[in-house]
Structure formats: C-alpha cells, structure tokens
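All remarks here apply to the structure that follows.
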Amino acid sequence: MASPRLETFCCPNRDAATDFVVSFQPDLFAALGLTSATLSLLFAVLQILPKRKGYRRLGQYPLPRPASSSRIVFIISICDILGCIGIIVRSSVWLGLPNIIERISVANSTEVWPEVFCVGSAMWIQLFFSASFWWTFCYAVDVFLVVKTSAGISTIILYHMITWGLAVLLCVEGVAMLYYPSISDCEQGLQHAIPHYVTTYAPMLLVLVANPIFFNRTISAVTSLLKGRQGIYTENERRLANEIKIRFFKIMLVFFICWVPNIINESLLFYLEMQKDINDNGFRNIRNAALITWFIMGILNPMQAFLNTLAFHGWTGFDVDFRLLQRRKLAWDSASTSVPNTAAQNPTVGTTLLYQSHVQEAKKNMMSDGQHSDAISVLSEGSESSTVEFHISSEIREYEDVDADGESLENSVRH
C-alpha cells in the first residue's frame, strides 16, 4: 500500500505511532498486501489487453489514433500496475526475510541494505501512486477542456510535464525533509514529518476535491451541447447525460473507496502521535480503529489498479487477442489517409463525435455543412471495445439498417 508511515518506518528512531501499526502482525499485513496486489495486477493487465470482441466492426470502420483522454486512462493503469509491482516486491521480501524489519529497527546499525531497500521500495510505491493521482486529476481537466474548448492531443505533452514533474518533485522533497540529516539518524519532530505527509496527501486530496467539480461542470457542458444541437432535450440526450454521470461517479467511487481509509488512518495516527503515551487504556478504541484501517489500506490501495480499469472500461472479458495490437496499429495508420473517404461512405462514422478531439472536429463539420451530426460516441475509457454510442436522431436507424443489410448480404454471398 501507499502510506507515508512506511517511509517513516525506515527511520530507526521512528515515532511510537508508526512503530505501533507497522510492527503489528507484519507477516499478516505483508501477505494481505501481496495477495491483493497480485490479484489486482493480473486482472488490471487482463483488462487492458486487446480483446477479439467487436474487432470486426472496428476493422470495418477504422478509428483514428487514440485521443489524449484515452492515453491518460492507459497511463493511469500503467502507474497503478507499477505501484502494485512495488507492493509485491516489498511484501515478498518482508515475507521471505522476516528479520529485515528488526534489522531496520537497529539504531546506528552498520547494515545499509535493509534501509536502502526500505526507502527505495517505499519511494517507488509513493511515486507511481502519486503519479496516478496527478494523471487522474489531469483526466478530469482534459475531459472538461475537450467539451468547452479546443483541447487536442498536443496537450498530452503538457500533462506529462505536470504529472511526472510534480510527482518526482514532491516525492523527493518530502523524503529529503523526512530523512534529514541521514536515514540512520532521522531528525525527530513534526516539523520534518509534516512536509512529507503533505507532499503525499496533497495530490490525493486534490483529486477528491477538484475532480468532482470538473466532472460536474463537464456534465453541465455536455447537457448544454446536447440541447443546442436540435433545440430540444429528448430521452436519448437525457440517457447520454446519465451515462456520463454514472461513469464519472464510478471513477470517483473507486478513488474514494481505495484512498479515504488512508486519510482516516493518518488522522488517527496523528492524534496518537500527539499523545504522551499511546498505550494508555483511554486510547484503546483509537488504537483498534487505527489497526483496522491500516489493514484495510493494505487491501484496498493496490486494488485501485483493477477497480480503475472497471470504472474506465467496464469488464472487458477474457477473450484476449494478442494480434490485435498490430492490427490496430495498421488500422490507425490507414485511418490517417482513409478516414475522409470512409466518412463520405458511412454517415454514422463520418458524423460520430468522439469524446476527445473528434468532438471538436464534429463541431467544425456542423458549422461548415450546416447540419447536425447523427450520433454521439463517447469514448472516455480509452478502449475501443468500451465505446458507448448514443443515437440522438431518428435517421440513425436507417444507417443501422443499411449496415445490417450489408452484413446479411455478405453472409449470403459466402453461402
């Protein structure tokens, strides 16, 4: 899991609250974390692998290269997976070498490698989960900008600079303040620990506070856009808005479930840390609550990798097609030259509004042609198989009938 307490634990002269939770049943905690991270890693990788389902239709109508929001979703999954790998390595070492915790706890020890592994694994986990937080924030900003302005694929470079720059800067700054003047002789006092905790929880709190605001404004903007298309707000438009609300709600629900226990646990431990004697009977309930949330964190934190893929993609199934990556690359390459002709031959694809940069392209087409597009396709999960199309005109049925007749004719020719 990702907690600043695990980095504080690397100091031999750690505070009593940190020593209390980390030293309580460390083997059980490591086993739970290892199991959770392994399952989350396997299912997350399975989720993002290409699937055979629906590929024929995608091959029939080539799609452009993925937009920035699709890339952001993929990067979030990669960050979560790398964080899970760090948890797996650390938990495996803790279980395989149970005396490593005792060797870290020895003050003025001449052994360097236990402390190096402790700090290195903790920083690895914090870095990639912190980067996941920043990318989640950028996703909320990106989907808002796509609807409101002409944000395009070029903004992904800016997102890289912001996310990785802030993640590395805050991680290094927090650790430097915590381990001053050295790892084996950390300076005691909240003035050194608090900056480390702030740099850890700042991006988490940013997502919890800012993302709902951006999502809400995005929903309002989409609703206004739909109303302005035909001057009415039909059941289909309402269904589209509800689908977007549900998707954003799932994203925030996953984040809330996985990380709010960290905030609760940190508040309890901070309260215990302020007391003279945390073993006093009057703090028994607080100690128990801190231990319960500590183990909940060990289970839920790594599960974000899998749960995030469910929130963004839905369940994609087990039908993995490893050849699809090469096919998709060829389709994208051919799409750069064939999309205009394809759009002319197939009105559905030609006038489809994708959730990312294709929204802006469709706006240009509507202005130049003086016509409303016949379908809106919301691609917010970063996977073609999870594209959700909402038809908002009566003419779309004609296009579907034409497509169905074409497939029937194709089948009859084969037979």
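One is the number of the first residue shown, and numbering goes on along the chain from there.
Placement of Cβ uses the backbone N, Cα and C atoms for every residue, glycine included.
Annotated in TrEMBL:
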| type | residues | note |
| --- | --- | --- |
| DOMAIN | 26-316 | domain 'G-protein coupled receptors family 2 profile 2' |
| TRANSMEM | 28-49 | transmembrane segment |
| TRANSMEM | 70-89 | transmembrane segment |
| TRANSMEM | 123-145 | transmembrane segment |
| TRANSMEM | 157-180 | transmembrane segment |
| TRANSMEM | 200-219 | transmembrane segment |
| TRANSMEM | 248-272 | transmembrane segment |
| TRANSMEM | 292-318 | transmembrane segment |
Distal contacts, the transmembrane segment (28-49) - CB-CB under 8 A, six or more residues away: 1, 74, 77, 80-81, 84-85, 87-88, 90-92, 94-95, 294-295, 298-310, 313, 315-316, 318, 320, 322, 383
Positions on the same chain near the transmembrane segment (292-318), where near means CB under 8 A and six or more residues out: 1-3, 21, 24, 28-29, 32-33, 36-37, 39-41, 43-44, 46-49, 51, 53, 73, 76-77, 80-81, 83-84, 87, 129, 132, 247, 250-251, 253-255, 257-259, 261-262, 264-265, 268, 380-383, 385-386
Winner by Cβ pairs under 8 Å against the transmembrane segment (70-89), considering only 123-145, 200-219, 248-272: 123-145
Within-chain partners of the transmembrane segment (123-145) [C-beta distance under 8 Å, separation at least 6 from its ends]: 1-2, 4, 6-7, 68-69, 72-73, 75-76, 79-80, 82-83, 86-87, 90, 151, 155, 159, 162-164, 166-168, 170-171, 175, 200, 203-204, 206-207, 210-211, 214-215, 217-218, 221, 251, 255, 301, 304, 355-356, 380
